[in-house]
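Trainee: Take a look at this one; I'll ask things after.
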């Protein structure tokens, strides 16, 4: 049961080729940079865009099967969509918006409205039923859009950047509400986002899509701790190196070596947080320290610290205090040594 | 920024000022002329004369009917132009907007060639259904719709283009058919554009002369609308009536424009 | 208010007069290339420039022919015709339109211009016209006489009663005791003829001359005692004619032998 999709779309600049499975009641966050093909995949799942190849089945029912010429129109799929800007119908009241799906399915006006009213109460929107969409706050609009999609009991719910339209202040509250509402939903949920935090909080599983391909998937903490691509590493704020391990030593980058805390063999990913990186004018002395000569490329404020981007045999990100920047005279072009304790490094098979 | 704008605000080059004064004069003087020559004392009598009232009633009903016809047929055309990717769409848009620039008399002649007794469709309509449009009130409505519908189509198409098509997508995922989506989602969201188009269309239909006189003729109570009545008046030497009718048309046009402006400013 | 109106019209005439002068200058320059500038019979040596004639629509064909013949007689004279409904032309003339000659299709309309004081001397009647019942070729409506104009199922065009051909039609129908049921009232007799030749109407009361000018597409049906209703066509020189010499030459031609020939050819009766 649940969603089993294999989708291929060829749009010239973008070649989407994704296998996606979502269990009943599971919330999957589709994480990826802009232009990775996430929204295209969502359109295909919703039936708004025909795939060039592949097969989509939902709860055992085949919706699309290109090889067998099978295709189900959007209105007959039972797939709910909450769009990025919520797209509440501006000509209708909040109540009419929520009742829309039931009316479109032929329910009487009275029946549809009664049902919609219950949903609005469940969403704490009871007093807003007569308002127009333009009079709602972003969070309220999102809940209306969610109620409108859920009232027709879709087997698959798609959310496209559900928090992107909100300002930073209200985002945490709405995110928590959304998480609560999704927890009560029994169908499959796919959330598209480019915000890692959103993906971590809302998704029970994260599927990372880059350039039309799934590059990593797993539980949020797994993805956060062990990124497999530079994109994910950057998102979760980790340095990521690829190398080949022989015991406690791994060879990475331009003939540099990294000392590991544990034995490992073969191709590995090596990750460590920028705060673990120490910058110093001379090569530091001491045991189990990894040290590489680097040249500072860029400095930028990062919370209370300064994030230093440095190039060398091993390119690194380092978070240092403003005091350290002043002491070391760090500026673009300045040479320094970057070092990391072996204990701060995590290595996992690539 | 504001200071800069204020400093240059008062400077108008003579090269722009003189032609603009002339231009305004060209537009305004004819109307001033009508006001100066208006037979104010006879005005109530002329306005309440049978001929004028009959023409006014006919004009109001035909312009309204032509607008209704334009709404029923024009809104779907606008939708096709704005929302579909059918081949020949740009050609269709060209064809549909030709009456905007065509002399209405030409439209009247063309209508006569199609719906006239010996016309392509007219002969068949007459024989098969006993329907003949020239010289009937229905003919007036058709002539007016021919000239006025493009105003509606252009206005509604513009409104449709600015609406987000993702609304249609969302409606589809909620189980709505294309027709339900059009009726309950698309149409309400372009309602202001439809209204503006309908008002323009109505005003144009009300002022229609050339196509009407050519295709529908001129008979009191049946086909002689206000502009035709004004033409008959000036052609038969009744200048006073012609002036009064002109003033009446100007009053209606100004009222329509003022109403539209309020609407636009309010929106 | 009337004064203001008259002044404005005066300014308008002046403005157009300037334009007329420019055209006249062009004409002179052209005349200079013919040193003697003399026409064949030598009688019109001084007749030159531009003459504007406002004429009833029913005069279109004979006056155009007349214009061509006049061009032979006065090579330096350029005659421009403006055809339209007589009442409208008379109204234009009364309002001070810059024309030299006015020719209308009945005396009532000419009187408008006379009373406005824009006509020089007394108008002269130069032709008469009668009405005819015009039907499309083949007479699809089986029209046999004026009584048929009352038939509801026929499409009928008659001139607007306030223009001369409409006034004449009204008089004719009154005499015949027919309550006509027209479908359209045209302000211009030529429009009625067009509707007949297109087959859009089954019958129209038009001038005999117009029916004749329309060619094979239009037939006529005899109207008994049609001659009892007659339109007199008067012509006059305008009081403010920009080119009085040319105007008189044109009026002389219209009322003289040349005019008689051309008008008779077109089916007009002699006064």
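The backbone N, Cα and C atoms fix where each Cβ goes, and this holds for glycine too.
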Trainee: Check each of the ranges B:164-184, B:185-205 against TrEMBL and return the one annotated as transmembrane segment.
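Mentor: That would be B:185-205, the stretch labelled transmembrane segment in TrEMBL.
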Trainee: Ranges B:12-36, B:212-236: which does TrEMBL label transmembrane segment?
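Mentor: From TrEMBL, the annotated transmembrane segment range turns out to be B:12-36.
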Trainee: Take the C-beta pairs under 8 A between the transmembrane segment (B:185-205) and each of B:12-36, B:56-82, B:94-115, B:135-156. Which stretch has the highest count?
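Mentor: It is B:135-156 that shares the most Cβ pairs under 8 Å with the transmembrane segment (B:185-205).
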Trainee: Taking residues 6+ outside the transmembrane segment (B:56-82), which of them lie with a CB under 8 Å of any CB in it?
Mentor: 89, 92-93, 96, 137, 140-142, 144-145, 148-149, 152-154, 156-157, 160-161, 182, 186-187, 194, 197-198, 201-203, 205-206, 208, 221-227, 248
